[in-house]
Structures are given as C-alpha cells and as structure tokens.
C-alpha cells in the first residue's frame, strides 16, 4: 500500500509540474514564470528566502554569477543581483532592476488562488505579481538566457538586480544606492519597471521621470468637552478647514483634466487616505488627524516651495496649533532626457523601430525604485515590453496572457542586445 501511495504521489507531482497543458506543450519560459508566481512574496510577510533560492537556480542554469548583499534592516533591506561580464569591463555597466515583492491580496475575491498561477484555456495566467512585476523579471532572465544560448557576447557588463520592499518603503534600493557595491558597479545606464499599455496598439510607454511623493498628516487640536455643549471652536471645525482647502486644490486638478490634451501624467494628484481621532460618542475630541497622499508634477511657477507654502497657509488658517507631519517628502526630481542628446534614448527609439513598435515618453501615476537610481545622476528608463494587455497591477484577478509574455520576452531580448552594444565612442 505504501508503494502505491508513493507512485500516486509521484504521478500527481509530475502531472502538476508538467509543461503539457491541455494537450499543448507549454513554452519552458512560461513554465518557469508560473513557478516564480507560485512563491508567495506578498506583504506583510513576503517569502523572500524562496524568491532568492529560485533566482539563484535561474542564475546557475543561465550561467550568471549570483550575489546577495544585506543592509539594514536585513529582513527588508538587501539586494540580489546576477552579473554577465562584458567584453570591455572598462565601459560603464548596465543595470536592469526589478522587485520580488508583491502587494497584499484578499484571496476571497479571486476567481483562482492568487499563488496557484492558474492558466485558463485562452492562456491567461492568474496570479498576484503576474503584471507587477514578476513578468518583467522573467522577461529579463529569459532574454539573457536566449542571448547566451545564441553565443552573443555583450560589450558592456550587465547587472540584473531584483530588490525587495519596492511596494512599501523601497528599503532595498535605498540600501543599495548607499553601498560600496553601487559605486563599484560603475553604472552608466539603468532600466526599471514601467506600466504596460492596455490599448490595442503596439506603443511602449517609457518612463523618464516620476512624480515626487508627499504623504503628510494634519493634526488639529481643540478643547475636550461633553458632547451636549456647544463650544465656538472645536477640533472638528479646524479639521474641516484643512479638508476643504485641500479638496479645493484637488478639484482644480480635476478641472484641468477636462482640458484637451491634458492627462493624469500632467497633473498633481491629491487624495485623502485616512482620518482618525476621538475618544467616545459623547465627547468632543481634543485631537483629530487626517492623512493625504500627494503625487507632484513640478511645472514652471509651481515648485516644492510653492507647495510647502500652500500647505503651511492651510495649517495657519485652520489654527495656530495645527501641526503638519510629513511621512514621505521626496524633494528630488530626476529626469532622463528623451531627445537626441541622450544615446540611450536614441538606442531605445532605434530598437523600437526594429521591432515595429512605437515608444512614448510617459510619467506614471505611481513611483518605482528607479527614481532612487535616477536621482544619483544615472539615466534611467522604465520599460515594459508588454502591450495589448490590461494594466492590472494590484488588482483582483491580476493576469497576463502567455502569448503577451512571450512577445514581451522577444522584445526585451532585442533591447538588451542593443543597449549592451553601445560603444565607448557613443558613451564611455
């Protein structure tokens, strides 16, 4: 009986792990992608150890050196990278970064288990991270696998970095850019993640800068009294001033959005995200607070000082004891040129022409780890080679079609090949 159980277990394992799906042979790249998706790297407790083990195996199979470096705190701040040495190590290297963590998931809302990597009859693969951003990580690894198998030798050294904590505090990349490893890599250009284009067209949206993120609390104070009284000034009235003024600014941005040619990437977004305070149902609260998230686009006549003054004036109008606390306050605004002065943009455009796709400079609504590298003075483009696919990052039933994945891998292969061969004459 024990032997029968063992045979059944082995048979079941082989069927589940088989690359033959619905009678069709699954591309090995898709099979590896689904393996990676099955690792639960969702916050708040991402399984980073399993991610590192899987990535180490990929590096071994492909033939890349593999490194892990820990910063502080080590459970959230570390970097994993693989290196493909170029034929001219004196040239500045290329960094291609992605992240291994994914956002939290409510499994009860999904049609298929979010870490099963279920594939339906149409080839749609359902999993948290299918779009953001394990698909990009796999596209890079599979591209390098193809290039090495073809006998291609890059002129420039290529570092493939996979970081933790991008979805929360970016502690991995913060540790990396302040490390001696970052300096030693001598990076001349970097590729980061970008949004996919859901439109029915082959147009790649290329990130060249990002909005600056400010997240802040207003705390207002008043006299705590019994709720049966009627004091002239309360914390609630002060909070109302704060909320009203900030939502008025938000409304002004919505008005601009109605103008021809204006899109969300041209605007500063502002949203109320949390409200708190109070002691009980019959007590006027002595203290209330409200939190806002602001994604800033700097424009002529509209800079960080102007924004700071606006927020300070709102606090003063609310009451002299109103306090602003900044949770996140990004003051950098790195920008990578998208014209002929930048050989990396020229190479990107030329590659798009070879692939018969368009490329459009884009400012995403969210932010990525790439901003920390861009702010170190390194040109960085966010690149997503998947088109004609829903942009489902962080959404229920996040999914990507296997044919979209394979097309994206083919495209990424050409990009890596061309970037790796930018000569010293064009860029040292």
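Every residue, even glycine, has its Cβ placed from backbone N, Cα and C.
What TrEMBL annotates here:
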SIGNAL    1-23  signal peptide
BINDING   99, 132, 193  Zn(2+) 1 binding site
ACT_SITE  101  active site
BINDING   132, 167, 394  Zn(2+) 2 binding site
ACT_SITE  166  active site, proton acceptor
DOMAIN    209-318  domain 'Peptidase M20 dimerisation'
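This view paints the features noted in TrEMBL onto the structure.
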residue: 99; record: Zn(2+) 1 binding site; CB count, 10 Å: 27
residue: 101; record: active site; CB count, 10 Å: 24
residue: 132; record: Zn(2+) 1 binding site; CB count, 10 Å: 27
residue: 166; record: active site, proton acceptor; CB count, 10 Å: 26
residue: 167; record: Zn(2+) 2 binding site; CB count, 10 Å: 20
residue: 193; record: Zn(2+) 1 binding site; CB count, 10 Å: 24
residue: 394; record: Zn(2+) 2 binding site; CB count, 10 Å: 15
Residue from 166, 167, 394 whose C-alpha is spatially nearest that of residue 99 (Zn(2+) 1 binding site), among the recorded positions: 166
Closest of 101, 132, 193, 394 to residue 166 (active site, proton acceptor), Cα positions, recorded positions only: 101
For the domain 'Peptidase M20 dimerisation' (209-318), the number of residues DSSP places in helix, strand and coil: 41 helix, 36 strand, 33 coil
Three-state secondary structure, residue 394 (Zn(2+) 2 binding site) (per DSSP): coil
Check: same-chain CB within 8 A of Zn(2+) 1 site center, minus 99, 132, 193: 98, 133, 136, 166, 167, 368, 393
When distances run from the Cα of residue 167 (Zn(2+) 2 binding site) to each of the recorded positions 101, 132, 193, the nearest one: 101
Residue 394 (Zn(2+) 2 binding site) versus residue 193 (Zn(2+) 1 binding site) - Cα distance in angstrom: 15
Three-state secondary structure, which DSSP defines for residue 167 (Zn(2+) 2 binding site): coil
Separation of alpha carbons, the residue listed as 'active site' and residue 394 (Zn(2+) 2 binding site) (Å): 12
Pairwise CA distance, residue 101 (active site) versus residue 132 (Zn(2+) 1 binding site), rounded so that it is a whole Å: 9
